Amino acid sequence: MISYNIITGDTLSKVFQRIPGVDPENLLIGRHFIIVLSTIAFTLPLSLYRDIAKLGKISLVSTVLTTLILGIVMARVVSLSPHIPKTEDAWIFAKPNAIQAVGVMSFAFICHHNCFLVYGSLEEPTVAKWSRIIHVSTLISVFISILFATCGYLTFTGFTQGDLFENYCRNDDLVTFGRFCYGVTVILTYPIECFVTREVIANVFFGGNLSPFFHIIITVIIITVATLVSLLIDCLGIVLELNGVLCAAPLIFIIPSACYLKLSEERRTHSDKIMSCVMLPIGAVVMVVGFVMAVTNPQDCTHGQEMFYCFPDNFSLTNISVSHFQLTTQPPILNISTFQ
């Protein structure tokens, strides 16, 4: 929920800055105001639903918008990539801090906390139907994520930010439309996470049932806490890394494996038990090492700043001569050798 708020503030603030006649310094289009406004106007009302099935049509809209965003990112890899200098060692497969990326990828695919609610929302919940749904949806998610990651890195290589849209120039109208779609998608996805948080609190502290009064109070408290934290943090990268190593790794690798090893009556040489024995220590390593590296080697964040390649006066998204590139940013940000 915190990461979604950060994305909403970062993304929609740049969209509103493109409105003609709007002062970029106006507080009403600042990320803090947008986070608060989107919370009050959209995410809080949607999160007050009691039945997650009512979010089905909203999820469909999010899926359609995600497809549009992917098309924009793919179009920009063709038109923009040739004109952005590649970083040194851009094509090395992995570096020592790659385990931080494992945490982020784990966070991207964490759906375990939603499973009970989604399974219960099916008209005829059966294991066979659930297995088909989870496999198809996960494969589609993998395909989309690979396309986003590949296109983003091909375009910006080592300059790629935790929030990919932070890399694009603010005067790119096509990307501005993509930012708007992205912001809407995130706002519509937010309530699902709130549903899960509220469900956990209800099961742990209230025996699984919340009266209408406590339903509203708990929802407001959850969203208020998430909003306050997101107002204090403006870098998405560190949030994704910590979410991945502290939350996703246990939920994906450690807890399911430990539960299966504890409860299963299969023989020790069974393939599922062997897989659990492999995944459990992998999750532990990702969690511990990833946390240490995220704290000691945090990802650079250029939140709210234009990237250096957006400044040259003769820069055009569709027609540019590389020979005319001029370095107009501070030397520490980029080594001049990258242009050679």
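Just so you know, glycine gets a Cβ as well, placed from its N, Cα and C.
Feature annotation from TrEMBL assigns domain 'Amino acid transporter transmembrane' to 1-294. Positions annotated as transmembrane segment by TrEMBL: 28-46, 58-78, 98-122, 134-156, 176-192, 213-233, 239-261, 273-295.
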Contact between the transmembrane segment (134-156) and the transmembrane segment (239-261) (3 or more Cβ pairs under 8 Å, separation 6+):
no
Give the nonlocal contacts of the transmembrane segment (28-46) in its own chain as ranges (CB under 8 Å, at least six residues past its ends).
5-6, 8-10, 12-13, 16-17, 22, 55, 58, 183, 187-188, 190-191, 194, 219-220, 223, 227, 230-231, 234, 304
Ranked first among 98-122, 176-192, 273-295 for CB pairs under 8 angstroms with the transmembrane segment (239-261):
273-295
